[in-house]
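K.L.:
Can you keep this structure in mind? I'll have questions shortly.
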Amino acid sequence: MLYIVGLGLGDERDITLRGLDAVRSCHKVYVEAYTSLLCFGISSDGLSRLEKLYGKEITVADREMVEERADVMLSEASESDVAFLVVGDPFGATTHTDLVVRARKLGIKVKVIHNASVMNAVGVCGLQLYRYGETVSIPFFTETWRPDSFYQKIQRNQQLGLHTLCLLDIRVKEPSLESLCRGRKCYEPPKYMTIHTAINQLLEVEEMRRESAYSEESKCIGVARLGNEDQMIVAGSMKNLL
């Protein structure tokens, strides 16, 4: 059996009782660590806190492992119970849907245990969830890569009178371009996009496109560390949030 277990948004205590029972019953436990992060991604003792509460040794699964070496995990799940832990809800990222499809094609039983996700917890800011349009991701810009596909989606939501949830980029164990060009991977330090950076990038794209999807005066709500004790929610114009 492959258990895909949502961990919620805060810390190791946000796992559900059903999820905790599943983890403790499994022979092997992995935690996904690239689409989102709990405390273990930032604090030095985060992973050990998960292991202490769950009573299991936990293997951190980075992007390369999940996308390129998932066969190892699926092979283990064909012989014993394996838990794959995901921050938020298991289906907040398409990668995990692909994992379920692959497991079922191999005849491996899959059980999904849901939890809170940013997709519903963002309701805490006061905007009605029914009034959100398509969600977008804001990636880190580089000198040579400045994608702006999110712009038209925000514009379309605005035209329909809908809010847009913008998910901000994280980079965990990402190889640097220079190291890839040299044929050996050297990883950049972890990086987490701030609301300040996101707004600067959004305004840069508006300046370039000039199609009035939004402006410095557009109303925004900045949400940081959602689900944690020190979460912060601040409303204002883009200019004010900067």
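Note: Cβ is positioned from N, Cα and C throughout, glycine not excepted.
Under the heading S-adenosyl-L-methionine binding site, TrEMBL lists L9, D89, G92, S117, V118, L168, L226. Residues or ranges marked as domain 'Tetrapyrrole methylase' in TrEMBL: 1-241.
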K.L.:
Measuring CB to CB from L168 (S-adenosyl-L-methionine binding site), give everything in the same chain under 8 Å that is also at least six residues away in sequence.
P.N.:
S137, I138, Y192, M193, T194, I195, T197, A198
K.L.:
Rounded to a whole number, what is the top Cα to Cα distance in Å among the residues the record ties to S-adenosyl-L-methionine, namely L9, D89, G92, S117, V118, L168, L226?
P.N.:
17
K.L.:
If you count Cβ atoms within 10 Å of the Cβ of V118 (S-adenosyl-L-methionine binding site), leaving out that atom itself, what do you get?
P.N.:
18
